[in-house]
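Novice: The structure is given below, and queries will be raised subsequently.
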Amino acid sequence: MESFVAMKVVCILFLFVVAAEAASTKESPAVNPSKGKDRIKFNFPRYVPNHHVFASNLLKLCTEYTPETQARNDGSQATYKPRINDLQVNFKNCTFLCKREFGNVTLNLPVDTPCGPNKQTCADKSKCVGHIPGC
């Protein structure tokens, strides 16, 4: 059980590194799915079509978010990169947790994000349903 948890943590960290690098390129913000046997499994619902692309897009939103109250960088390079967690995506409220160096922030999912098995999207949050992991 402990090795499974450790492996999941390693996989999630690997995803963040790959997604952050892909998000930093101007050509494509999406992470291409792995072609090997080491595919990362996300806890997103089945109605989200491409979990890797979805996670990459959330990471891009998190990276690009700049709060108005945050002071501009003084030119020094920060080693902390923004992060997301697949367990902190709320499909009922169409939000996700963005972990930042200067504190965490809850951001809205894009309006075209699926939020239910019957083609509901975050454009109409009142029709969204909560995700039950494993279902």
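For all residues, glycine too, the Cβ spot is worked out from N, Cα and C.
Annotated signal peptide per Swiss-Prot: 1-22, in sequence order. According to Swiss-Prot, the N-linked glycosylation site annotation covers ASN93, ASN104, on the basis of sequence analysis. According to Swiss-Prot, the feature region 'CD4-binding' maps to 116-135.
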Novice: Take every residue in the region 'CD4-binding' (116-135), average their pLDDT values, and give the whole-number result.
Specialist: 82
Novice: Run through the Cβ atoms and count how many others sit within 10 Å of the one on ASN93 (N-linked glycosylation site).
Specialist: 15
Novice: What does the structure give for the C-alpha distance between ASN104 (N-linked glycosylation site) and ASN93 (N-linked glycosylation site)? Integer Å is fine.
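Specialist: ASN93 (N-linked glycosylation site) has its Cα 17 Å from the Cα of ASN104 (N-linked glycosylation site).
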